[in-house]
Amino acid sequence: MQNQGQDKYQQAFADLEPLSSTDGSFLGSSLQAQQQREHMRTKVLQDLDKVNLRLKSAKTKVSVRESNGSLQLRATLPIKPGDKDTNGTGRKQYNLSLNIPANLDGLKTAEEEAYELGKLIARKTFEWNDKYLGKEATKKDSQTIGDLLEKFAEEYFKTHKRTTKSEHTFFYYFSRTQRYTNSKDLATAENLINSIEQIDKEWARYNAARAISAFCITFNIEIDLSQYSKMPDRNSRNIPTDAEILSGITKFEDYLVTRGNQVNEDVKDSWQLWRWTYGMLAVFGLRPREIFINPNIDWWLSKENIDLTWKVDKECKTGERQALPLHKEWIDEFDLRNPKYLEMLATAISKKDKTNHAEITALTQRISWWFRKVELDFKPYDLRHAWAIRAHILGIPIKAAADNLGHSMQVHTQTYQRWFSLDMRKLAINQALTKRNEFEVIREENAKLQIENERLRMEIEKLKMEIAYKNS
C-alpha cells in the first residue's frame, strides 16, 4: 500500500509518538485520531508559511491560506461578475476555492496555481472563468461513494501515522463503509445518512456511523451524525463461571475423540492451538487480537518471567502492557507454557501477512469458529468479561483490574457492571455476607476476650491485695 507519495506523509509523522493507549473507548480512539490530524495540520501550516515566503520573494501578488481543511488562493482581482464594486476601484480581494485539500500534496498544487494566477495578474490577462468561479470545484464534488472508497486508504494515511493499529482501524472503517453504502450513490451527506437509516440492527447502525464519520472527515464532507453517537444497550451475554470455564476446556479433547478419522494430516493437531488460545483468554482476560499481534513468546517461556505475565504488544488496541493472570494455577492445569503450543502459534502467525488486516482478523475469527465447533455456550470475548467479574468478586481494586485489561476505569465500570448475572450477583453478595459474618464473629470474640482480660486483671489485683495483707 505504501508508495513514494505516501512516504512523505509518514516521514512527517516520524517525530510523533501516538497516544500509547486509547483506553478502549470510542472517545479514546477519537482523541488519538485527533492528535494525529492536529500533528499533520501543524506540519502543513509550517510548510504553508514557507510557500508564502517563496511567493512573496518571487513578488507574486498571490498568497495561499488554509480554511476548513482546504487551501485557498488569496489575491486582489477584478470585480467578480454579479459582485458590487463597493470601493469604486474595480478591484477587490478574493479567496478562491479550487477544491485543493490542506495536505502536503495540496500545498504543491496550491503553490503551482498561485504562480499561474500571479502571471495572469501581472500580464493583466485574468478573467473569471469556471475554474476561478468555483464551478469546476463543484463538478469535482460530484463524486460517487465508490470513487472515494478507491482513494480512501491513500487519503486516510495522509492524516494518520501508519502502524499495525491504524491499519486495523482503517480496515474497520473501510469494510463497514463499503458494506453499508451504495458505491454508485453520490458522496453527499444526505445519501450517507440514508444509508445509515436503512440499517435495522442498532449495533450495526452505530458501527456504520462510526465508520462513515471517519470517511467524511477524510474527504471533508460536512455531515451531522450526532444522533447515532450514543452507544446502544448491550445484549445479554452468557458469562461463564469458573466451573464452566474448567469444563469448557475439556470440550477440545472431546472433539478429538468425536471428530472421526477423515482429517487432513496438516491440520489434525490444530485443535491444540485453539485449546491453548482458550486457556490464555481465560487466564489473562485478553482481547483475542492481543494473542496474535507480535506475541513475545520468548518472554512468556522465559525463566525470568516469575510473575507469569503476558506482554501485550504496543501495536494492539490500547498499547503495550503486561497482563497478570487470575487463577495462576490454571497456567499449569491448562499447560499454557508448553513450547509445542507456542511453536504452533508462531507458525500460524508466520503464514499471515501482518500488513493485511483481513488475514489477522481471520485468525481472531477462527477462535469464534472453534468455540462453535466444540459446542461452547459462550463466545471468546465472554472469557474477558468473566475475568473482569472474577476480579471484582475477588476484591481486586477497579483501577488494577482496568489496567490489567487495558482500558480506563470508566470503560471498565460501564462495560462490566452490566454483565453481572443473577448467579454472579448471588455469589458476590454471599461472599460479602460471609466476610461480614466473619467480621462479626471476630468482633464478638474480641469483646469476650476484653471481658476475660478485665476479669483476669481484677483477679490479679485481688491476689496482690491478699499477699500484701498476709505480709503486713
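Every residue gets a Cβ built from N, Cα and C, even glycine.
If you check Swiss-Prot, you get these features:
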- R287: active site (ACT_SITE)
- K317: active site (ACT_SITE)
- R384: active site (ACT_SITE)
- H407: active site (ACT_SITE)
- Y416: active site, O-(3'-phospho-DNA)-tyrosine intermediate (ACT_SITE)
- 244-429: domain 'Tyr recombinase' (DOMAIN)
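Overlay of Swiss-Prot annotations on the structure.
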{"residue": "R287", "record": "active site", "DSSP class": "coil"}
{"residue": "K317", "record": "active site", "DSSP class": "coil"}
{"residue": "R384", "record": "active site", "DSSP class": "helix"}
{"residue": "H407", "record": "active site", "DSSP class": "coil"}
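Rounded to a whole number, the distance between the Cα atoms of R287 (active site) and R384 (active site) is 7 Å. The Cβ neighbour count for H407 (active site), using a 10 Å radius over every protein chain in view, is 24. Taking CA atoms as the reference points, R287 (active site) and H407 (active site) are 11 Å apart.
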